[in-house]
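Each remark here refers to the structure printed beneath this line.
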Amino acid sequence: MKALSKLKAEEGIWMTDVPQPELGHNDIMIKIRKTAICGTDVHIYNWDEWSQKTIPVPMVVGHEYVGEVVAIGQEVKGFNIGDRVSGEGHITCGHCRNCRGGRTHLCRNTVGVGVNRPGSFAEYLVIPAFNAFKIPDNISDELAAIFDPFGNAVHTALSFDLVGEDVLVSGAGPIGIMAAAVCKHVGARHVVIADVNEYRLDLARKMGVTRAVNVSKENLNDVMTELGMTEGFDVGLEMSGAPPAFRSLLNSMNHGGRIAMLGIPPSDMSIDWNQVIFKGLFIKGIYGREMFETWYKMAALIQSGLDLTPIITHRFPIDEFQQGFDAMRSGKSGKVVLSWD
């Protein structure tokens with residue numbers, strides 16, 4: 001079958017032919033319709049330090065997708081041929097304390113689709129049926145293809161009560177923008193997103209944020225004054241992984257504020273811990289999606305009117321995958337969707 005693979009330990013992704021994956025007793029086989037390019041895929045393309053330590057070569061990559069069930073393992077129940085599905089990209093062990101306690105997103109033995117085992121940039125993907133999620137009929141293939149990153153946004157945003165709260169989102173990548181949109185949709189008062197990338201700040205404006213702030217040109221304190229905020233932000237969502245951005249977020253938080261951190265710093269990060277201690281801040285780390293509460297909430301949010309379509313800015317047939325990666329690497333894109341139809 002046709003697949004996009006990391007074939008060499010150097011920059012790039014290559015189209016190749018690989019054997020069709022084998023179906024296990026507890027697996028389903030998915031014929032891929034659409035895939036989306038994740039920032040992780042860009043790291044793998046660039047062959048950065050993390051990728052060199054993590055990704056086996058050769059490897060079929062990709063983990064954002066939607067497709068149709070075409071084969072079902074003999075032990076599988078609850079799925080039928082023809083079901084439209086996406087799937088949780090974190091495959092868990094089922095026997096560690098967190099898995100047995102129902103906290104599977106915290107499994108200490110997680111294996112990543114398209115990271116540690118063959119991924120979805122291929123005509124067919126096999127995953128455990130446990131990981132598959134049926135897509136409701138009124139959700140499009142394009143939106144279903146970005147459920148993985150949307151889930152990161154939903155998990156982060158819904159970590160805390162948002163109704164009537166003032167929220168600062170640090171980092172206007174696609175996940176940060178979607179998180180900001182979720183905050184507005186569920187009833188936050190002011191949702192401010194901060195970045196230095198004007199293209200992505202414009203995308204955030206299209207998604208309905210209260211203010212999109214280019215922090216290279218504007219001061220967050222001035223924005224807070226403009227919005228009539230007499231105290232700091234109640235909720236902070238750190239989506240950038242940039243140490244200066246996190247320090248700025250800490251400076252802007254109200255006493256007793258709550259922070260959810262999804263962005264991954266490139267190395268050890270120093271902060272002024274006095275901000276955390278004397279403000280009584282609560283900081284929660286976010287990894288992936290809650291299985292499968294986040295998935296049900298994603299579907300419900302879209303069905304209740306949350307419009308994510310502006311975040312999908314580029315669409316290419318799979319044979320033009322290089323243009324998709326070029327768009328992602330340029331920093332002037334939202335989500336990029338590749339069609340396998």
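Even glycines carry a Cβ here, placed using N, Cα and C.
Here is what Swiss-Prot says about this protein:
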type	residues	note
ACT_SITE	Thr40	active site, charge relay system
ACT_SITE	His43	active site, charge relay system
BINDING	Cys38, His63, Glu64	Zn(2+) 1 binding site
BINDING	Cys93, Cys96, Cys99, Cys107	Zn(2+) 2 binding site
BINDING	Ile175, Asp195, Arg200, Leu262, Gly263, Ile264, Ile286, Tyr287	NAD(+) binding site
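Overlay of Swiss-Prot feature records on the structure.
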{"residue": "Cys38", "record": "Zn(2+) 1 binding site", "Cβ within 10 Å": "26"}
{"residue": "Thr40", "record": "active site, charge relay system", "Cβ within 10 Å": "23"}
{"residue": "His43", "record": "active site, charge relay system", "Cβ within 10 Å": "16"}
{"residue": "Cys93", "record": "Zn(2+) 2 binding site", "Cβ within 10 Å": "14"}
{"residue": "Cys96", "record": "Zn(2+) 2 binding site", "Cβ within 10 Å": "16"}
{"residue": "Cys99", "record": "Zn(2+) 2 binding site", "Cβ within 10 Å": "19"}
{"residue": "Cys107", "record": "Zn(2+) 2 binding site", "Cβ within 10 Å": "22"}
{"residue": "Asp195", "record": "NAD(+) binding site", "Cβ within 10 Å": "25"}
{"residue": "Leu262", "record": "NAD(+) binding site", "Cβ within 10 Å": "25"}
{"residue": "Gly263", "record": "NAD(+) binding site", "Cβ within 10 Å": "20"}
Counting Cβ atoms within 10 Å across all protein chains shown, which of the binding-site residues Glu64, Ile264, Ile286 comes out on top?
Glu64
CB within-chain contacts under 8 A for Arg200 (NAD(+) binding site), separation at least 6:
Ala172, Gly173, Ile177, Gly331, Gly334
List only the single closest residue to Cys107 (Zn(2+) 2 binding site), chosen from the recorded positions Cys38, Thr40, His43, Tyr287 by CA-CA distance.
Tyr287
Which number gives the other C-beta atoms within 10 angstroms of the C-beta of Tyr287 (NAD(+) binding site), all protein chains shown included?
14
Residue among binding-site residues His63, Ile175 with least C-beta crowding, 10 angstrom cut-off:
His63
List which of the recorded positions Thr40, Cys96, Ile175, Leu262, Gly263, Ile264 have their Cα within 10 Å of the Cα of His63 (Zn(2+) 1 binding site), in sequence order.
Thr40
Extra residues within 8 Å (Cβ to Cβ centroid of Cys93, Cys96, Cys99, Cys107), Zn(2+) 2:
Thr92, Gly94, His95, Arg97, Asn98, Arg100, Thr104, Arg108, Asn109, Thr110
Just the number: how many Å between the Cα atoms of Tyr287 (NAD(+) binding site) and Cys99 (Zn(2+) 2 binding site)?
15
If one measures from the C-alpha of Cys96 (Zn(2+) 2 binding site) to the C-alpha of Thr40 (active site, charge relay system), what distance in angstrom results, rounded to a whole number?
26
Zn(2+) 1 site shell beyond Cys38, His63, Glu64, criterion: Cβ within 8 Å of Cβ centroid:
Thr35, Ala36, Ile37, Thr40, Asp41, Gly62, Tyr65, Gly89, Gly114, Gly119, Ser120, Asp148, Pro149
Consider the binding-site residues Cys93, Ile175, Asp195, Ile264, Ile286 and say which one has the Cα lying nearest the Cα of His43 (active site, charge relay system).
Ile264
Rounded to the nearest angstrom, how far is the Cα of Cys99 (Zn(2+) 2 binding site) from the Cα of Cys38 (Zn(2+) 1 binding site)?
26
